[in-house]
Every structure is written in C-alpha cells, then in structure tokens.
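What follows is a single structure, written as structure tokens, with notes after it.
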Amino acid sequence: MAGVKIKSGGFLVFAFLLYFFKPISADTALFNLADALTCKPDDAQFSSEYNGGNIQSYFDVAPNTGEITLNQCIDRENLPEPRSFDIPDGIMLKVAMSSKDSSVGCEAQFLFIIEDVNDNVPQFQDLPYAKTINEANFTEPYYLMKAVATDKDEGEAGTVTYSITWTPQIDGVEFQILPKKGDISVNGSVNYNDNMLYYISINASDGRDKYGTVHSVTANLIVTVKDIPNLPPIFTSASYSSSIKENTAKNTEVLHVNAVDGDRGINNKIFYSISGTSYFYVDNKTGEVFVSENIDRDTMSPSTGGRAEFQLHATEIVNNTETSSSSAVNVSVVIEDVNDNPPIFYQGDIEINNITVEVPENSPTDTPVIHFENIHVKDIDEGENAKMALTVHPKNLSIYPTQVYGESPLSLRVIVPLDYELIENFTVEVNANDGVHNVMLTVLVNVENKNEYFPKFQHNNYTVNIFENVTNAPDIATIHATDKDKGTYGDVTYELDGSTEVLKNFSLNQITGILSLKNGASVDYEMKHTYFATVMAIDGGGKETSAALDINILDVNDNAPKWLPLGTLVIMEEETFQNSLFLEATDRDEPDTPNSKVSYELQSCYTSKGEDLDLVNNFTVDNSNLKIKGVLDRERLPKGINGGHLQLVIVAKDHGNPQLSSNANATVIVMDKNDNSPQFSNSRYTVSVPETTPRGTYLLNVSAVDMDVEEPNNQFRFSFNTSNTILTVDGIGKNGFSWIKLGSKLDFEKRHAYTLFLLAIDMGASPNTGETTITVHVEDVDDEPPKFSCASYTYNVNESNYNGTHTFIGSDIIGFDDDTNAYLSFEITNEKCEDNETVDVHNWIGINKTIGLLILQRDIDYETCKQLSLVIRLTDENTVVGVNSSDVDVTVNIVDQNDNSPSFINPSQSVIVITELAKEDYQVAIYKADDKDSGKNAELTFIIHDVQFVSTSTVNQPPTDLFKIVTNAPTTGKTYDGVFSLGTFSQLNSEGYYQICLIVKDHGEVSHSANVSVKVFMIPQNSKVELIFARSLDEVKEHLLDIISLLRSAVDDAQVTISNIQEETQVTRAATDARCILDSYFYYNNGTSLPVSTVMRLLNDNYEVMVELSILGLISVNPPNPPDVITPELPWQIAVGVIAGILALTLFISITSAVCMRRSFERRIKTELALRNTQAALASHGTNYEQQPHNKENPLFNKEAIELPYDDINGDVEKRSINSLDEHLYFDSGKSEGFNTLLEDVQGEDNEPHQSPILKETLRGFDNTANSLSSTAI
C-alpha cells in the first residue's frame, strides 16, 4: 500500500497504492512516482523517509525521477523493527516530492507487505543421534529417543513432519517414528548376533507453501546393541567328520573341533567333553580328539558301516567353573579298512580246501558243474581290500564270477563238451587272490558216461498182410534195429504199441523182433480192415526209436447181409396216395465185391401173433423201397391185427459164393397211439460261446423225435426245467428242431460255464417228456482295459545326464491286465515342457515298449525346460472289444547342474574416464551379469582379477587397492550388480591408463566365470567445463539425459561425463533465480580430453543444439577457475584461441545489452503514451470509488481503463509492466473510514489478502522475469 499526499494550488490530495508480491530480486524497479503524478513540476526533487529500523538498506529512490528500486533481497524472517501499521509483515516507506522553490509538493507513503514463502530448511537439533540398548525381544514399541528439528518459517511451511527413510532390513525388527512428535521406538527381536549396529535415516520435512515448495533434511541415528549372556556355545561347524585306518596307534590325533561363546560380545572360555564312544578321548581345553584304544574294523558291527558315531560337548567356563550353558555336536569317524585277512572257501558254513564234482559228458558250454552249487568265497576285509580275483588252472573249466567284493557264491562251468571215452577224470585248482593273499581250492572232476545214440530201424514203415479168420500165424514178419552205443547202451529190445485190439491180437518178440498172431486170436475183415501199430526199439540207456507198422486183413465172404432198423409204413385209412418204406441191409464183407452186393424180396406177411396173412401181394419192393399196391382199408384188415400193426418178412441176399441171406420184418401201422416219448438226437449238447456274444444270438439247434405217427401225439414243445436268464428256447419245435438263443450278457471273469436241462413235452392226451443236457462254456475275450499300478509317476533326472547309449530314469512303470491272453506294450503319446511350451521336447525321453522303463535319449537342459510332462499309454494288442489302452501322467523334474557360465549384460563401458576431482569410493561404473543356472549355481561374485598401468614406455603392476568392486545381489530377478569404484585415489597416475580385468564367477561346486577388460583414464581438472543453467536442481536432474545427449551430438560424439551437479549460492543472485552448475568433462575413448575452447567452439557452431539447450535453461558455458600457477610457455595456437574466445564472448555480451536497453526504452515510451491519454481525467478531482465501488472504471482517473494494443507490446514483461497501472485506489485523507474501507477490501471477508486478476498476473510475472531475461540473454 502506498499513501500519496499531493500539494497543488492549496489543494491537498492523498493517494495510496497497494502491492502484494513475492520476494523479488535486487535491482528491480518497484514504482515510478513521477509517472503517476500529472502535477509534477519540471524541477521536481524526490526524497525518502523510513519508518524506523534499517529498512533504508532495502530501497533506493531516484532523486530526479522518483523511481523506487529494491536494492537487495528481503528476508521475511529477519525484517527490522518496528513494523508499520502494526502489520507484522509490512514495511512503510515515505517518499516526498517538491519543486526547488517548494511551491509545489506532495508526499506518498508506501506499505510493502512481504508474503511468506517456504525458504528455510528444517534443522535437526542436538546432533549427532546415538543410542545403546540391550538385546531383547520387544513385543511392544520400545522408546529410544526424540528427534527434534526446527524451521524458521511460519504456518504450514514451518510445521515439521518426521519419517524414517531407511532402516536395515532385519527380519522381525521394525523402527518407528511419530510423524508429529519425532519419538523413535523399536519393535521386535533385537539380537546382538544378528546385527550389532543399526543405521537409521530420519527425514524432517516442512509443509508445502502455496507455490508448492517443500524442504527436507536427513539425519542419522546409530543404535548400538549390547550383548547379554543368553546363548550357549556354538561349534564352528554343524557336524564334524574324519577318517583313520584300523589299528591306528593310540594317542594319534583324529580331528580338532572348535566352539565359541554364542554371546559374541562376551566370549567365555570353553570346556570340551566326549560321550558315546570308547575309541577316542578329547583334550578338555583344545578340543583335539585322539585315539584311546586299538580299533579293529572287522570286529565292528556291520550296522555301523565302519563308522564311529559319538558326540562332543562344549560348556562355558565362568570364573574357572563349568556352567549349565552347553551344546553338543555330532562327530563321525570312518574307520578305514586294512587288508589283513585272506580269502576263504566255504561249502555252506564249512571252510574247505578241496572238493570232488561230476560233469556229464557232452555237457554244453557254460553248463554248471554238479556238486559245486553251494561253494562260495569270502574276505572279511572291506572295500578294495575285499576285492578278489578268481582263476582256474588248468583251464579245462571256467569260474564265475572272476572278480568278487567281500563274498559271493561261485560257479564252475564247462568250457568245451567232455567225452567220457577220451578222459574219465581230471583235477583243477581254483585260486582266490586279494592282492596280498592267494588261496587255492583243489577240485577233482569225474566225467560221467552218457547214452549218446538212438536205435535205428532198417525201415521207417513196415506193412504186412493176413487173411481174416486165420487162427495160427506164428511168424508174420521180423522187425530189426541197431544202436551205435557200446555196452548196455548198445543193447536193443523191441516193444509193440498200438490200440487195445492190436495188443489183443498180435505180439512182438522182445529180443528177436518177430511179429506173430496170438494163440486163440482171430481177425475179422468186417470188424477192421487194417491195424495201425508202432514198433519201439529201446537201447540200454532208455533211448527209444519208433517205426510205423500197418497190418492189412484180407476179406473172405463170411457175412450175411444185415438189416438196418426198418421204419414203419404208415397207412392211412381210405387214402389213395402211395406211401413207401425204404429197405436197407448192409453186408460187412469187402465193399464193391459180390460178397457185399445185396438184393431184396418179399417172403410173407403175418400178424403180431404170428398168423399168416395173404397180404404179400399188396406190397412190392422197387429199388429198395417197400411200396403199397392200391389202397388198404383198415376195416377190412383181419380182426386179429393187434393195434393195426402188420408184419412183412423181407429177405436180403448177397451174391457171394456161397450165397448168404437174412430176413427182416417190416411193420405197417394202421392205427396210431401216443405211446412214444420225444427223444433228443443227442443226450448232451455242448457249445462254446465268446463272452462278448450279444444277447439274442442263436447258439445251437436242438432236435427231438416222437415215434407216434398221428397228431397231436407226434407234436411237442421245448422248455427248461428251471427258470434262467442265460438261455432261451422257442417253445414250439418245428419238425423236431428248435434254436437255443443267448438270453443275457456273459462275463468270463465272473463265471466260466453254465449247465441247464432242456425238456421236450409232446401234446398227446397224456404228455410224454424227453430230456437233454446243455452245457455252455464261456470263452474269454480280451475286453478288459489294461491298468497302471499307480495313478501317476514322478521322476527326477539331472540335466546333461545322457551318456551316449541308454540312461535309465527311475524304475519300471508297472502295468497289468485282467484278461488271460493280454499282450501289453508301452508308448509315449504326449510330451511337453510345462514351464516353456514353445520348446520341442519330442524324443527327449523314450520308453521300453515291453517293460515300461523310461530311457533318456539325448542331453536335456534345465535352462531350456525345468519340468517335462509325459503321457504314457499302455495298450493291450490282443483286445477284441472295448477300450484297449489306458493313459497315465508322468512328471520328469529336471535337476539343475552348473553347466552355464555367467555372462556380462551389455558390458559397454570398456573405456572409463575419471577426473582428478574424484574421491575415494567414487562410483566409476556398474556392471551387470547373470547366469542361466539357478540356486547356488546362479549366485555370482564380482572380483578384480588384474590391474596393470600402461604408459607410453612401460607396463607395470600398480598397488592392488587402487580400485574395488562390490557385488550387490538382486532383490528381484537374477541380475547381479558389480559396483566398480575407486579405492586409494591419491595414488592414481594420469600419465597413461589402467588396464583392468574384471571377473564374475558363480558359486557352483565347479565354478564358472566370465571376464571383461576395462580401460580407465584419468583426465586433469583443468579440462573441466562449467555449464550454468537457469533451472532448479530437480529440473536439471530431470532432463540430465537429454542434456548429455545434446552435448554429445554437438561435440562430434565425444564422451561426456558430468562429475558434479550443484546449486549456485544465493550470495550473487536473487532468491527466486534458481541456477545450477554442471561440472562436465569432454573426452575421447583414448583418454584425450577436449579443451574448453574446443567445446565452446563446437557448441557455438551447432545452432540447433544451442537452441535446445537454451530451452532446457543453459545460460553460460564457463572454463574452470584458473589454477594458481600458469605454465609460462603457452603455445601461440592456444593464445590465439583464447583471444578469439574473449572477442566472441565480448560480442555476445554487447548484443545482449543492446537488446535489453532497446526493450527498456520501449517500455518507458509506451508508459508515457498511456499517461498522456488519461491526462484529461485530472480536471475532475476526487474519486468515484464511494459512489460506484463495483464498476470496472479506473478509480484514479474516473475513466475506463485504456488497454494498449498487444500487437505493439513485445513480450510478457512489457505487458505486465503496462498492466501494473490498472488498479489504483484513491481516497480522501479527510475521511478516516476510507482507509479502513481500503483495508477491508484488501483483506476480504475471510481476512485473507485480496488480489485482482490483473495484480495476480503481475505477481506471476515476477516469477518468470528471471527466466525470460536469461532466455533473452542466451
């Protein structure tokens, strides 16, 4: 606010101007009083007066123009006392104007209200922070201390909030801080052995002001953990093991154990003791274990496996006294065997040194020797000491096995067949040698004689003839056979073998081989034409040879024709049609000869009582058919016929010499009676049915007959005697036949056979029944699916385990089938990689088709695939119906092996340049590496393998501590970081470069590694180029990569390194002018740095890059501060370059100054133009504020505000300068309420500062002024 008193012609005017603004930079023009007064005389003089304090140091008032200028930054927190108008943030300035003769004068009062901004950083008090606590398990937050930080700002900007930004990641330990109070506490198990020191970063942040500014500061708290005695001793190893040979001398040291106090901060002495063994003792003080007695491994229990297992105890000693605080560790000592026992041959449990055995002659190769089955050899030593080599001498026989470990049964075997005729017995020696001892077993071998040859007949087939009815034939034929064997094995005897009839009628002499007809026996051609027999020749050893013997019987006419049963001729009463009866008689004599030819003739007819009937002429025989002549009328038949039956006598005669004949009676039935039961054609029916036969299938046809000739006596029906569902039958048989059908499904696995009774019942008045048995055999059909013994299988296999032939995985996959004739086979139907389906795993694993054994067929890679999923199919090749296969899932887990070397990820930093400003622990580069393996095999460590300094003349080995590299394990993923930094920097040499070999290696059992070569150059400090940006530190960091990229493109792609980024101090600039200095170096990969002049020339030559850098805030490119000592000899080329640079810089500054001066004059001219356009308003004194407080008219001139055309105004700065005249408050000094009204309007209803839109724009313009001026200068 400014109050102005104007004295003109006795008329007194008060004028007040109000400003709200942020702190602005020094040398800023705040107000020009001369421009605001139209009554200013030409010789006006201006002077200022201050309201107490040292505020005069803040402002300058130009005596001729009245321009008020701020000459230094104002710090709100350090404003002088007293303040104006009792406003805490106000500064009052009085400015007086008068003519030289004091005829015209006025006075203006300016009240500057300083707005608070967040320009102070919180400060921690009572640093450093440290706290010592005892180790404990804090179940509730334990108070440690209170952190206190203060901030000079007021309000929200001065409110401090606390937080913990970093704390060690220890499981179960959590540090907390109250955000408002700063109280720090710990919760969880704090253990000295886990962590002795905790470094905690505490952040104090102030509140955000309305410009978004926030400050924070960090302090460290060191928490030291004090150990307390609460842990037993700890052995340095979880278990111990060693080995000694048996019979080791007493007091020999076996191993040395070591234990320390579990409380590492206390470290009491340890007392050692031993338990669980008598073989050893321990030194109570040193922990050394010694042999206490002779140890014979061969007498130790087999269950120990040659190991002595015992425990060692460690007890804390406090004040030379054992305490209860102790711990134990398991110790295993392997007793190594010594070859001190010879091999021994045993038969059963009896030790032997000779034996007698037998070998049959002509035994095949590898035939085991008889009586040698229970022989074994044994050496009670262990391992290689129990290894025995077995040999036989002479080598008539072989021994198996030829090499034995410990104990094994032995087998003597034939090498070549033996001949009894050549050798009857011999002796061999079996030797067992364990490398130290040789033991012999003497074996007497007897060759056993064998029957080698079979008897041989003169002929393979013998044929003899004999007439039938012969009763005496002592020498029919002679059979002869020979045998090549000698002795009893060569003696041959004969036997006759054949049917019962052959043996009944014929005999064969056992010694001579003569065939004869037995006494009282006779042969009949009609009974048998030929007898088939076998003759056997048997030697003394029981070997047999056979030959076929055929005995042919010759026919003679000794048989009369024999009638076959005649049927009944059915004669229906009063029937005119002709029926016939077939006649058949057979002759057993030789067929197709007169002896067997038969003819027929009628002889007589009689009743059943034997009475002759004259009815022969009523019948005739025609071609063996008995026929009726004419019609028989039953009522005309003799009454003596019983039941209507007639008997015809028919003669059958052969044509042999002498002629033989026989008679037969034929029955003619005139009246029928149901006196016959149905008869099945078979008394038993048997049928075999596959179990898969469908229901309703016809199985067999059954037949039955009824001898009755009239219906319904000869009709019948079929049924089973009991109810069943297996078989069904058609009830009414047609022509005596009916079909049996399957009634239900069969299952061989449940029942193999069924037996049922079938009945045939005729339909006469008194039904008759016939019966037969039907047996159904169920045939097994392969219809059951095969099955696996397990629902799934899982196997583990090491990667790269293929040995080039067959590598078996796990045990057999067992399959089975309930069918009796199943033929099973295995195959793999599906195979895939569970964790990477893009991998083709076909033919990685095969399977034995017969036994189901999985076979590895190629090398497999864990990094390519970690788990294989297979589907194994078991198929029954003989399945007829149903499902013939089953599937099972098989999982093959691939176990990782260390088969991959680690590799650097894009090791692009092969050349590194550092500056002389670098310090110890300066981070040079970060190298990244990974390993395709997993687990320990993928854990990596970076090391510096070799460092050499290379100069123009020599290569030497520098100190090893010049550089260091630290390995950082990944928090996620598998990539490790190797942080490469400086060690002892003071010893670095800039006269050459350092050739460094970095190695990264994994932690596998067999470690793999990779390396990268790095060149490190050091460039001098005088190569530094300072780049000054008119931006804040955060803004520069945000665009740092873009800045580096632009710099590289401008300097011919040379390398650019930013060694430091810092804010410029506020001593030489205004508080609102944020500036940053970037210390940069430009160099090539060979270590050659670019001079500052070259950098400046390259930048000036690249206009596009300079424009982009200017947008990012670049305002200056400066060389480094000159060194204390300048080399006197300066090459003329460098001198010329320096001069040219100075001239270019001078030209640059001149152009910039000219532009700024031009714009300043333009602003003055346009301001004056605005004032002239409003002079007419001064004729009307006073103000219309009270009458029209809400309109938009200018309250100073009682006219509408006149806006200059923006086309005539260049830049935002000029626009803001013109618009600053838009709002002025004018009031009469005689009215006290005017000032109060002004304050109310300024403060607003809520006591907050009020700003018009144009004033707000003006204040925002101050923020951008510095940046705009900087851009203009660039």
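Cβ atoms are placed via backbone N, Cα and C, with glycine included.
Whatever TrEMBL says is automated annotation, not expert-curated.
According to TrEMBL, the signal peptide annotation covers 1-26.
Per TrEMBL, the feature domain 'Cadherin' maps to 34-124 (among others).
Summarising the annotation, TrEMBL assigns domain 'Cadherin' to 125-235 (among others). Helix, strand and coil residue tallies for the domain 'Cadherin' (125-235), in that order: 4 helix, 60 strand, 47 coil [DSSP].
Looking just at the domain 'Cadherin' (236-345), the mean pLDDT is 88. For 236-345 (among others), the entry in TrEMBL reads domain 'Cadherin'.
The annotation domain 'Cadherin' is assigned in TrEMBL to 351-457 (among others).
According to TrEMBL, the domain 'Cadherin' annotation covers 458-563 (among others).
Marked as domain 'Cadherin' by TrEMBL: 567-680 (among others).
Break the domain 'Cadherin' (681-788) down by DSSP state and the numbers are 0 helix, 54 strand, 54 coil. Per TrEMBL, domain 'Cadherin' is recorded for 681-788 (among others).
Annotated domain 'Cadherin' per TrEMBL: 789-904 (among others), in sequence order.
The feature domain 'Cadherin' is assigned by TrEMBL to 906-1029 (among others).
The transmembrane segment annotation in TrEMBL covers 1130-1156.
Across the domain 'Cadherin' (906-1029), the DSSP tally of helix, strand and coil residues reads 10 helix, 67 strand, 47 coil.
Shown for the domain 'Cadherin' (789-904): DSSP residue counts in helix, strand and coil, namely 0 helix, 51 strand, 65 coil.
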